Ligand SMILES: C[C@@H](N)C(=O)N[C@H](C)C(=O)O
Ligand SMILES: [Zn+2]
């Protein structure tokens, strides 16, 4: 909420505040469109077959990466100097737990050795705060839990090297093709969390590389007992507030949302190294 407040409310007259509320209400009722970024076949081998990562032994919000206060690390400074905005955690609205800052991710390694803060392009950050506001109106008590945001291209290469030549390659953007929207600060991975910061059940953990994480045939997944109706409802609520804020979901990952198309990002911004 902090950036949102700074940019839209502080020091403005009451009339502007009222106007802002009306705009927010309208945007909370807006609609987005599903854009599919991946089109490959849905039949995949579980990722642990490739990486040894065992989803059953880790919780989605296990080892807590500490967000350093004060000085920025070299990577954080680079992202800030590239013009990205930090998503400041706020216990009542947005939680940040960068999964790649812990070894509890599909690579089994700490990929973010000095990145503890979530960064996004300013326009994507504004959209995220709008989504958080939409969620607060829709379901007070729930909050957004950020798993990943801006991702340096060097990390993208590490990820790609693990999945290239495997069936999981479809879940990671190829750096040789310019990477993906995380590399521009234009994509965010997230879930919903309850008042105790516990993630809501979504049918699969984050970065589950398989059909159960796809969003295009979820009714079948429920009918086949592969995810529950409650898990689907949670996904639908996440998608609803993210779409209302202008994000577009990814067909193959319930947790991933794009703030723009790759073409738009490449035309207007540079990927972060
Ligand atoms: C690795 C996964 N969390 C992810 O972010 N995939 C997208 C498609 C990417 O690599 O850009
Ligand atoms: Zn993602």
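A Cβ is built for glycine as well, from the same backbone N, Cα and C atoms used for every other residue.
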Write down the one residue from 182, 214 that TrEMBL lists together with 189, 256 as binding Zn(2+). 182
Under 8 Å Cβ-Cβ from residue 256 (Zn(2+) binding site), six or more apart in the same chain: what's there? 187, 188, 189, 249, 250
Enumerate same-chain residues with a sequence separation of six or more from residue 151 (site 'Transition state stabilizer') and a Cβ-Cβ distance below 8 A; give 'none' if the list is empty. 100, 182, 183, 272
Within 8 Å of the Cβ centroid of 182, 189, 256, the other same-chain residues by Cβ around the recorded Zn(2+) site are 147, 148, 149, 151, 180, 181, 187, 188, 250, 253, 255, 257
Do any of the recorded positions 151, 189, 256 touch ligand 2, in the sense that the CB is under 6 Å from one of its atoms? 189, 256
The number of other Cβ atoms within 10 Å of the Cβ of residue 253 (active site, proton donor/acceptor), counted over all protein chains shown, is 20
